[in-house]
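Please read the structure below before turning to the comments.
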Number of protein chains: 2
Amino acid sequence: MRLAELDENQLLQALSPYFRHNQETLVGVGDDCALIAAPDSQYVVSTDMIIGEQDFKADWSRPWQIGRRLAMQNLADIAAMGARPTALVLSLALPNELELDWLKSFYQGLDSAAKQVGAVIVGGDLSRFHTLILNATVMGSLDGTNACTRDGGEPGDLVAVAGHLGFSYAGLDLCRQGYAQDLSALPAALRPLAAQCRDIFKSAEPPLAQGPRAAKAGAKALIDTSDGLLVDLTRIAKASQVSIELSIQALDQAMAPLRPLADFLGKDAKEWVLYGGEDHALAGLFPPDATVPKGFQLWGKTLAGSPGTITLAGTKVASQNRWDHFGGTHE
Amino acid sequence: MRLAELDENQLLQALSPYFRHNQETLVGVGDDCALIAAPDSQYVVSTDMIIGEQDFKADWSRPWQIGRRLAMQNLADIAAMGARPTALVLSLALPNELELDWLKSFYQGLDSAAKQVGAVIVGGDLSRFHTLILNATVMGSLDGTNACTRDGGEPGDLVAVAGHLGFSYAGLDLCRQGYAQDLSALPAALRPLAAQCRDIFKSAEPPLAQGPRAAKAGAKALIDTSDGLLVDLTRIAKASQVSIELSIQALDQAMAPLRPLADFLGKDAKEWVLYGGEDHALAGLFPPDATVPKGFQLWGKTLAGSPGTITLAGTKVASQNRWDHFGGTHE
């Protein structure tokens, strides 16, 4: 059934299984606003829009994956403040030709990501347009911990990263080389890794639980690596007025699992790890005496050098954005 | 200067005057999330998207008016919960050809509306697209009062409305009949009223302060009349499981100021008042013994009849949505 055949009430009825309640939902979908609890009298909020064919390709990704990615890239921003996501509101512009099944699958993907951290969809706005426009706004709770902004670091802090690095870029390269759907032309030994990279590219798997864990462990600064490790470490270094020295060992360790696939595709695993965006890993600065939570890898330390400079084993590395989000149109 | 000539940092720099702080802004623009205070441990949130040429016409409205309208239609949802708006986040998709001056003027309009109620823009997401897509998510605080949801009414309540009714529909009819810019072809006596209707259509002037006042006065239910008085009263009546009896006197009083303009344009002032959307008036149900706040007009009372039925002097009136938001594409 195409959306053209449904009025707004019928559409909302069809989507009602995805409008759930959690502990924070005081008023959910169906009023002028949602009403959300903020137990510690503050909340975090972030918003993000994706546009059909520009930010995702319908022939590469299934609607479930597109919904999951939209949720995940928003939820990762919440985690990057050290917070726990609680609620989402959606604004969607939908083509009349769209199948209701597509939309249901999109909501299922979104809901699957939200459910993983106990968050729910509490409201939204539906309109019609010839191109899919999908906007999510996500709210979260700090549960009494301090917000991990980007500017809290000092010289001497530990630099640590949780989550995948380079996997999403590897997945994009796989799709570009014709492996968006079918991996059977790859050597059998590469297929499990290739499948993982492709899935991470299509729907993102940020380490959401690590955000609140980092906050509890005393993280002084935290960021979501949406534009690639070096670009986002530069942001945190600039905001904290420090330079960052990274270790070759950490880079080698991050490259190791990706190397066989990079070699096969004729790509550079180092480029994937340092410049690949949309893995939505979490990069943080911790006090020198902190016990960095399990799941975070030590990558180096902050120094009092020129703010925003990143060095790798003593050599300055470039940190311009090389990750193009399908051609440089999306920022 | 066109947006194509600016990178993201330059664009954010140009917009920085509109990223302000208020008492609730703990962390504003520039981090992964904004952090907002929620003094009474809860907050309301609503989101709304408008799309270029579908929801507004660039040759009818100036960018300042479009920004102001986007803010106002979101802020009205906050008021319709009885809440005070505190913060906005924006997601914008912008054409490369767009002039920076257009965008600045849009932000000025948005900010002028937010400033009126002490709210500020605290974050957002910018991307590029061939059509303007403008999404705002607005948060607000109840300051210790109860949320005015739609379902709190009972038989015997007073029905009262604050704000303009029919002025926006009159403004749309003026634009459709060629008076979008120049009113000089109208009789001089009609011009002030015509200018007011046109301005309300272009940028909306909801009675935002009346939301919290209604909540403090004990409003049991409240709604923003975005789809027209009868459609939105039907929603509140259905949610509260009551019928509503409206008075001819109230209708006559609401029609009176619009009549000369309706007569001149060959339109029906009654249609404007009862079915015109986007005035964003506030309609509420108050206990029978309440002192309805100044600015609210009494329109009738709730009865125990068939839930969702609206009668006018005893006769049932139709409440289907006749307001087409530029052709029925926007819901």
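Each residue, glycine too, has its Cβ placed from N, Cα and C.
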Original post:
TrEMBL has A:Asp32, A:Asp77 down as binding Mg(2+) 3; which of A:Asp199, A:Asp224, A:Asp227 does it also list for that site?
Top reply: A:Asp224
**OP:** Check each of the binding-site residues A:Ser46, A:Thr47, A:Gly124, A:Asp125, A:Asp227, A:Glu278 and report back the ones whose Cβ is under 8 Å from some Cβ of chain B.
**Re:** A:Ser46, A:Thr47, A:Gly124, A:Asp125
Original post:
Expressed to the nearest Å, what is the distance separating A:Asp227 (Mg(2+) 5 binding site) and A:Glu278 (substrate binding site) at their Cα atoms?
Top reply: 6
Original post:
What's the CA to CA span in angstrom from A:Asp77 (Mg(2+) 3 binding site) over to A:Ser46 (Mg(2+) 4 binding site)?
Top reply: 7
Subject >> Distance from A:Glu278 (substrate binding site) back to A:Asp224 (Mg(2+) 3 binding site), taken between C-alpha atoms, in Å >> reply: 9
**OP:** Would you mind reading off the Cα separation of A:Asp48 (Mg(2+) 1 binding site) from A:Glu278 (substrate binding site), to the nearest angstrom?
**Re:** 13
Original post:
Which whole number is the mean pLDDT over the domain 'PurM-like N-terminal' (A:30-141)?
Top reply: 94
**OP:** Taking the residues A:Tyr107, A:Gly124, A:Asp125, A:Arg150, A:Ser226, which the record names as binding ATP, find the longest CA to CA distance and state it in Å to the nearest whole number.
**Re:** 32
Subject >> Summary of DSSP states over the domain 'PurM-like N-terminal' (A:30-141), given as helix, strand and coil counts >> reply: 34 helix, 46 strand, 32 coil
